[in-house]
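K.L.:
Per TrEMBL, the features are:
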ACT_SITE  Tyr57  active site, proton donor
BINDING   His113  substrate binding site
DOMAIN    21-282  domain 'NADP-dependent oxidoreductase'
SITE      Lys82  site 'Lowers pKa of active site Tyr'
Amino acid sequence: MSEWLTKTLTLNTGAKIPIVGLGVFTSRDPIEQAKATPWVLTALQAGYRHIDTAWIYGTEKPVGDAIKASGIPREELFITTKLPWNHTKRVQWSIDQSLKNAGLDYFDLYLVHWPHSVAYDENEPRPRNPDGQIKLDETGNFNDTWAEMEKVLASGKVKAIGLSNFSIKTMEELFKTAKVMPAMLQVEMHPYLAQNELLAYCKEKGITVTAYAPTGYAIVRKDPTVGEIATHYGATPTQVILSWHVGRGVVVIPKSADAGRQKENCQILNLSEVDVQIINGLERNQRVCNKPDEFGNVSGWSMERLGWM
Ligand SMILES: NC(=O)c1ccc[n+]([C@@H]2O[C@H](COP(=O)([O-])OP(=O)(O)OC[C@H]3O[C@@H](n4cnc5c(N)ncnc54)[C@H](OP(=O)(O)O)[C@@H]3O)[C@@H](O)[C@H]2O)c1
């Protein structure tokens with residue numbers, strides 16, 4: 001087992017989070033989502049102890065089933081889930097749904113998935129207006145949602161609360177009313193989107209950062225500079241990219257449904273300072289995951305409103 005699966009960072013709650021975890025977003029197709037159990041199980045068997053899911057991924061149940069099948073004691077695991085944007089007006093109900101889906105008594109970390117609120121439709125978590133844009137619910141705000149998250153924390157149903165897809169701009173707005181400092185910010189991050197200012201801001205506030213889409217997909221994995229460095233270490237491009245994150249004190253949650261790639265993704269390298277600087281030089285503020293649509297928006301919010309400029 002890779003020693004990196006047992007290395008942790010300490011959250012501002014005092015809890016420890018394994019620095020390498022497994023992402024469990026798979027597809028918008030419920031049939032594909034339900035197939036996640038066996039590959040989450042192979043990851044647990046390979047030594048992964050940190051799993052990242054979300055209500056909207058439809059994989060809370062497959063994750064819970066894999067945990068049960070693994071026989072690993074609950075206290076040895078770190079499980080994150082996320083409040084979906086269409087449940088921001090029903091947070092207490094939503095956490096109970098997530099716990100029931102996973103068959104767990106608590107989550108280690110509960111994130112507000114997006115700063116947006118989306119209209120609630122029982123049958124459609126991504127409802128759209130006739131023009132094709134996501135149907136937003138503008139009757140509340142993330143400050144209200146965070147107050148509900150604070151109640152979830154107090155209930156003991158989750159051990160820590162945090163944010164996803166927030167920016168310095170939206171966090172500054174949140175901090176006007178927040179009583180609890182978020183333990184975590186999960187954002188898209190990879191060598192083409194290094195988010196240096198955001199990372200420094202979070203470090204200064206004591207907020208741990210998790211990189212999603214941490215490998216940068218094929219576009220970053222196939223970068224020739226990353227490839228050259230990988231050859232030099234006798235490693236793979238993915239290992240070089242994930243090692244760059246870990247060296248910056250960032251948690252990574254690569255998703256792989258393949259047992260071989262799961263093992264590959266937890267072999268972290270000690271990159272030289274020169275190589276780190278070369279990778280830092282690849283920064284180009286390029287999103288590969290949640291990109292603006294034809295309206296210039298990401299799920300109904302402009303880049304400016306998100307603070308993603
Ligand atoms: N908070 C948010 O809004 C948000 C958004 C996106 C993602 N996330 C979380 O972050 C996790 C990771 O992000 P992601 O899944 O978008 O991106 P990722 O982990 O960077 O990339 C996953 C893709 O890369 C492939 N892959 C993984 N390891 C590989 C390797 N060593 N060599 C070649 N290909 C490899 C996977 O295919 P195989 O499965 O076939 O290996 C999959 O297609 C998600 O699962 C989810 O938990 C959160």
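Any Cβ shown, glycine's included, is placed from N, Cα and C.
TrEMBL labels come from automatic prediction, so no person has curated them.
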K.L.:
Report the same-chain neighbours of Lys82 (site 'Lowers pKa of active site Tyr'): residues 6+ apart in sequence with Cβ closer than 8 Å to its Cβ, ordered by sequence.
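P.N.:
Once residues fewer than 6 apart are set aside, Lys82 (site 'Lowers pKa of active site Tyr') is near Thr53, Ala54, Trp55, Ile56, Tyr110, Leu111, Val112, His113, Ser164.
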K.L.:
What three-state secondary structure does DSSP assign to Tyr57 (active site, proton donor)?
P.N.:
helix
K.L.:
Tell me the Cβ neighbour count for His113 (substrate binding site), meaning other Cβ atoms within 10 Å of its Cβ, over all protein chains shown.
P.N.:
22
K.L.:
Same-chain residues six or more away whose CB lies under 8 A from the CB of the residue listed as 'active site, proton donor'?
P.N.:
Val24, Phe25, Thr26, Gln33
K.L.:
Give the three-state DSSP assignment (helix, strand or coil) for Lys82 (site 'Lowers pKa of active site Tyr').
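P.N.:
Assignment for Lys82 (site 'Lowers pKa of active site Tyr') reads strand.
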K.L.:
Does DSSP put the residue listed as 'substrate binding site' in a helix, in a strand, or in coil?
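P.N.:
Once the DSSP labels are grouped into three classes, the residue listed as 'substrate binding site' ends up as coil.
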